[in-house]
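So the structure is just underneath, and the comments pick up after that.
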């Protein structure tokens, strides 16, 4: 069978989606929009390479041998050509080009497109859906109905042969609608396969909600809440979210007494009804003496994933008069996100006081609360 490479184009600005960050880097059901497409192509048995055309926002993908990164161009066509140049395949190999802003790609659509390119008379294939809404055009003076007969909404991914699509795009003008148009302009025969609402391109803010409903796996999200308290004892720092914060005392506990991570561990365990931190790491067990609370947090994550749930986001609140948490807040967020493998914007850390009331007001210790949202694995 002919070798097939996927090219994911992720260089767009996505300004109409209504956020400061381009849509492909925003979160959808617990992971970045682009990660949905990456997973679909990496996991497909007929895809030998996945070329991702993106800037530094992509991050390190070196652990996945299928992935190659290419730099984006100034236009979409230039970005696609950059991806084609990075692919290490023959001229007659199949390429499947996909917009990163369409997270609903599925294995069946990929397979259908690849199958169409096995016919040597077919130069391009794409999914499309019939136009369901009434259409009108404005002549400048009045609105006129447009006949919908034969009209479709073309989506991605779109499949071609490497040599043909490279030549077609190189010859295309600046007003190219999509890659399929370039093949048609070059005289190639194209075929349409059945599209899906799941393949809708994220363009406007409301598209996120619509696709979240379509892509949500079976099962409801889970929410857990955790709370922890530790008193002060003689020492020179406290540990919160794995970050050592200088102080005139330390927190007393069997482990490292990281109240913030203990609360988050309980929140994760509670979300999947697996008891609390004391059930899994009892203070009576000497093996946990002085232990790094990151071990507890990672084990809670592992147990949740074993039950079919992944962490979508978490929110931690530290309650104390001292030390001042705000100067260390970003480091605490970063350390938690790194440990759990979450995007930074999926982790919130806040701090507050009790206005001098209670044991925290008397500076006798620190309390922490955490809330975690877990989603069924997609």
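Yeah, the Cβs are placed from backbone N, Cα and C, and that goes for glycine too.
Features as listed in Swiss-Prot:
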type    : residues                                                             : note
REGION  : 1-222                                                                : region '2-C-methyl-D-erythritol 4-phosphate cytidylyltransferase'
SITE    : 16                                                                   : site 'Transition state stabilizer'
SITE    : 23                                                                   : site 'Transition state stabilizer'
SITE    : 148                                                                  : site 'Positions MEP for the nucleophilic attack'
SITE    : 201                                                                  : site 'Positions MEP for the nucleophilic attack'
REGION  : 222-378                                                              : region '2-C-methyl-D-erythritol 2,4-cyclodiphosphate synthase'
BINDING : 228, 230, 262                                                        : divalent metal cation binding site
BINDING : 228, 229, 230, 254, 255, 276, 277, 278, 352, 353, 354, 355, 359, 362 : 4-CDP-2-C-methyl-D-erythritol 2-phosphate binding site
SITE    : 254                                                                  : site 'Transition state stabilizer'
SITE    : 353                                                                  : site 'Transition state stabilizer'
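Everything Swiss-Prot records as a feature, shown here on the structure.
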| residue | record | Cβ contacts under 8 Å, 6 or more apart |
| --- | --- | --- |
| 228 | divalent metal cation binding site | 259, 260, 262, 263, 266, 277, 367, 368 |
| 230 | divalent metal cation binding site | 251, 252, 253, 257, 259, 365, 366 |
| 254 | site 'Transition state stabilizer' | 283, 288, 289, 290 |
| 255 | 4-CDP-2-C-methyl-D-erythritol 2-phosphate binding site | 281, 283, 288, 289, 290, 291, 292, 293, 296 |
| 352 | 4-CDP-2-C-methyl-D-erythritol 2-phosphate binding site | 317, 318, 319 |
| 353 | site 'Transition state stabilizer' | 319, 320, 321, 360, 361 |
| 359 | 4-CDP-2-C-methyl-D-erythritol 2-phosphate binding site | 229, 231, 365 |
Whole-number mean pLDDT, the region '2-C-methyl-D-erythritol 2,4-cyclodiphosphate synthase' (222-378), equals 94
Using a 10 Å radius around its CB, how many other CB atoms surround residue 23 (site 'Transition state stabilizer')?
28
Hey, for the divalent metal cation site built from 228, 230, 262, who else sits with CB inside 8 A of the CB center?
229, 251, 253, 257, 258, 259, 260, 261, 263, 366, 367, 368
Looking only at the recorded positions 23, 148, 354, residue 201 (site 'Positions MEP for the nucleophilic attack') has its closest CA neighbour at 23
Counting across all protein chains shown, how many other Cβ atoms sit within 10 Å of the Cβ of residue 354 (4-CDP-2-C-methyl-D-erythritol 2-phosphate binding site)?
14
Neighbour-count leader, CB within 10 A, recorded positions: 148, 201, 262:
262
Including all protein chains displayed, how many Cβ atoms other than that of residue 277 (4-CDP-2-C-methyl-D-erythritol 2-phosphate binding site) lie within 10 Å of its Cβ?
26
